[in-house]
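Enquirer: I'd like to ask some things about the structure below.
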Amino acid sequence: MKKLGFLSLLLLAVCTLFACSNQKNASSDSSKLKVVATNSIIADITKNIAGDKIDLHSIVPVGKDPHEYEPLPEDVKKTSQADLIFYNGINLETGGNAWFTKLVKNANKEENKDYYAVSDGVDVIYLEGQSEKGKEDPHAWLNLENGIIYAQNIAKRLIEKDPDNKATYEKNLKAYVEKLTALDKEAKEKFNNIPEEKKMIVTSEGCFKYFSKAYNVPSAYIWEINTEEEGTPDQIKSLVEKLRKTKVPSLFVESSVDDRPMKTVSKDTNIPIHAKIFTDSIADQGEEGDTYYSMMKYNLDKISEGLAK
């Protein structure tokens, strides 16, 4: 009996110690800055700067369209609890069904106090024939120089909210900017070597304007932005007629859109689809393109490869 009593006390002590340890860890985790990012690209850039210093939640799932999204209860909860929220801005989450505008309003969050546009400072490009607020092209991250601006804005806000980890954020930012800068330089050299008559990136959505400007590669598309009609017969006909006047060797289709319209274009022009590329999302974890850096490297490699045919 004494032996049983001793074992019971020992078991109780171990359980108590384990519970206290878990409580301590939970308390430690709860002390971390709670950060929400609207999509996988912004979340990955944030992760590269913050590492394990924050508790990070990404709203729009990998592979989904961030233009028009319906937040889940978990997204609403995390946004309400967040110390800091990062969104793209320039008409991405606030255009279309304006899902982000509704989300932060319901969570009683204030702009430039609780939530910040990571695109602040980007040289904005507008939709074709437009130059007014609400008509911006949101895909600024497809220019690596803008990706660097995103990273700098994220680091700035993290330091403001969490000055105790300033040294970590600054160190990680420096290393990340150097990495993106090297890839940007490599990209410019690659596209300089492609013959001008072959230089045109053809995609479903007209989301490569920033890419085109940065790397001197004109773009063409079926529809301009995912909030409008996608892949109508007139849109397809217009692109087919344009391509028949060119020597473009390859077409591309985005990983987050229906590939059927581009397959029709390919059939009607006899121009092959060279590869799927990334635009609004990174890849699933463990797959090629599962970070912002690797997504951009994959795109640059596939596009230059396809146009060099």
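Glycine residues also receive a Cβ, built from the backbone N, Cα and C atoms like all the rest.
Just lifted these from Swiss-Prot, have a look:
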- 1-19: signal peptide (SIGNAL)
- Cys20: N-palmitoyl cysteine (LIPID)
- Cys20: S-diacylglycerol cysteine (LIPID)
- His67, His139, Glu205, Asp280: divalent metal cation binding site (BINDING)
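For each listed feature, how buried is it and what is near it?
Expert: A strand conformation is recorded for Glu205 (divalent metal cation binding site) in the three-state DSSP classification. Other Cβ atoms within 10 Å of the Cβ of Glu205 (divalent metal cation binding site) number 23 in total over all chains.
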Enquirer: Taking the Cβ of His67 (divalent metal cation binding site) as the centre, count every other Cβ atom within 10 Å, in any protein chain shown.
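Expert: His67 (divalent metal cation binding site): 22 neighbouring Cβ atoms within 10 Å.
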Enquirer: For the recorded divalent metal cation site formed by His67, His139, Glu205, Asp280, which further same-chain residues have Cβ atoms within 8 Å of the site's Cβ center?
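Expert: For the divalent metal cation site, the extra neighbours are Asp65, Pro66, Leu92, Pro138, Cys207, Ile225, Asn226, Glu254, Ser256, Thr279.
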Enquirer: So how many other Cβ atoms are close to His139 (divalent metal cation binding site), meaning within 10 Å of its Cβ?
Expert: 22
